[in-house]
Structures are given as structure tokens and as C-alpha cells.
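I have a structure here, written as C-alpha cells, and I will follow up with some questions on it.
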Amino acid sequence: MPTKERHIAMMGYRSVGKSSLCIQFVEGQFVDSYDPTIENTFTKIERVKSQDYIVKLIDTAGQDEYSIFPVQYSMDYHGYVLVYSITSQKSFEVVKIIYEKLLDVMGKKYVPVVLVGNKIDLHQERTVSTEEGKKLAESWRAAFLETSAKQNESVGDIFHQLLILIENENGNPQEKSGCLVS
């Protein structure tokens with residue numbers, strides 16, 4: 001099968017770990033320092049169900065509730081990773097606003113999304129429950145994962161699940177494995 005190229009935008013409030021998730025996925029390392037992102041692009045070849053994908057990740061600048069949705073992220077993107085920190089209720093609220101703006105700008109009722117609760121290594125500081133994340137993802141018909149970029153926990157699963165959602169949206173359903181990651 002020929003390799004397919006898929007463009008994915010990482011979106012969320014500032015300091016939730018979007019860049020750390022990208023770097024962990026692409027380079028296999030965790031960068032501890034925080035340097036606010038303007039925009040970075042990462043590329044990795046990923047195989048899902050015997051299909052190779054060139055995954056282009058766009059690591060966006062952090063958004064807030066007042067951000068105007070960047071129109072360029074509504075064109076030529078196949079899927080979205082919306083990230084919040086389990087230690088920040090504010091980031092959870094902002095991700096809801098980003099999702100609504102995304103649907104509004106795209107003029108659609110559904111887009112392939114994985115909702116990610118990051119920083120589970122900081123579980124003692126948790127302010128957003130797993131149940132809250134699951135309920136929100138269900139209401140969006142999105143996949144949901146809790147991750148730790150620092151400990152590389154479930155990072156690859158984000159992109160694996162999103163690629164499957166994208167293929168299903170494009171009318172190419174993947175066979176089901178019977179395995180659920182939550």
C-alpha cells in the first residue's frame with residue numbers, strides 16, 4: 001500500500017504539554033524546560049494496521065478562551081489532538097472552547113479528535129477527574145486518553161487512535177482489534 005500523509009494539529013491551553021507530547025512521540029525524549037511555542041512542525045512515519053503514514057504534527061501556540069481560532073488549522077488537517085493538563089481545570093475548560101470553535105470554523109458536526117488528559121505523573125495534583133475527561137470525549141464522539149509525556153505513558157496511542165479515526169472518517173474503516181485503551 002502506498003504511504004499516506006496525514007496532518008494533525010496539537011491544540012490546547014499553554015503549558016499543558018503539547019510540545020512535550022510531540023517531542024516524546026517523534027524523538028523519544030522528554031524535554032523538561034518550558035519554552036513557549038509559536039509553532040513547530042514534527043514529522044514521523046507511523047505504521048497502523050499494515051498501513052504506513054507520514055504523520056505531520058503541527059504543534060500550535062497555546063490557546064486560551066479569548067483566542068480567535070486560527071483559520072489555517074481548519075484547512076488541510078485530517079485530525080486534531082486536544083490536550084489539557086489533569087492538574088488544571090482551566091485547561092480543561094479552554095479545550096471545550098477550542099473544540100466548539102473548531103467545529104464552528106469548519107462548519108461540521110464532527111471532526112476526528114483525540115482528547116488527551118496529560119501529566120498523569122502529577123496525579124497527586126489532579127483537579128480534573130478521569131470521568132470528566134471520558135464524559136467530554138463521549139459527548140464529542142472522540143477518543144480519550146490520559147498520558148504522561150514525561151514517562152512516555154500512552155503517548156504513541158494518541159496518534160495510533162487518531163489515525164484510525166481519520167481513516168474511519170475517510171470511509172476506510174480499520175478492522176477492530178477488540179482492545180480498548182483508556
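Glycine is no exception: its Cβ is also placed from the backbone N, Cα and C atoms.
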Can you dig out which of the ranges 25-33, 34-42, 88-96 Swiss-Prot describes as motif 'Effector region'?
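In Swiss-Prot, the motif 'Effector region' feature sits at 34-42.
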For the binding-site residues listed here (Ser15, Ser19, Ser20, Thr37, Asn118), tell me which residue's CB has the most neighbouring CB atoms inside 10 Å.
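Going through Ser15, Ser19, Ser20, Thr37, Asn118 one by one, the largest Cβ count within 10 Å is at Asn118.
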Could you check the binding-site residues Tyr34, Ala149 and say which one's CB has the fewest neighbouring CB atoms inside 10 Å?
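Comparing Cβ neighbour counts within 10 Å for the binding-site residues Tyr34, Ala149 gives Tyr34.
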If one measures from the C-alpha of Asn118 (GTP binding site) to the C-alpha of Thr37 (Mg(2+) binding site), what distance in angstrom results, rounded to a whole number?
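Cα-Cα distance, Asn118 (GTP binding site) to Thr37 (Mg(2+) binding site): 17 Å.
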Using a Cβ-Cβ cut-off under 8 angstroms and a sequence gap of six or more, which residues of the chain neighbour Lys18 (GTP binding site)?
Met10, Met11, Gly12, Thr37, Asp59, Thr60, Gly62, Val81, Val83
For Asn118 (GTP binding site), just give me the three-state DSSP call.
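SS state of Asn118 (GTP binding site) = strand.
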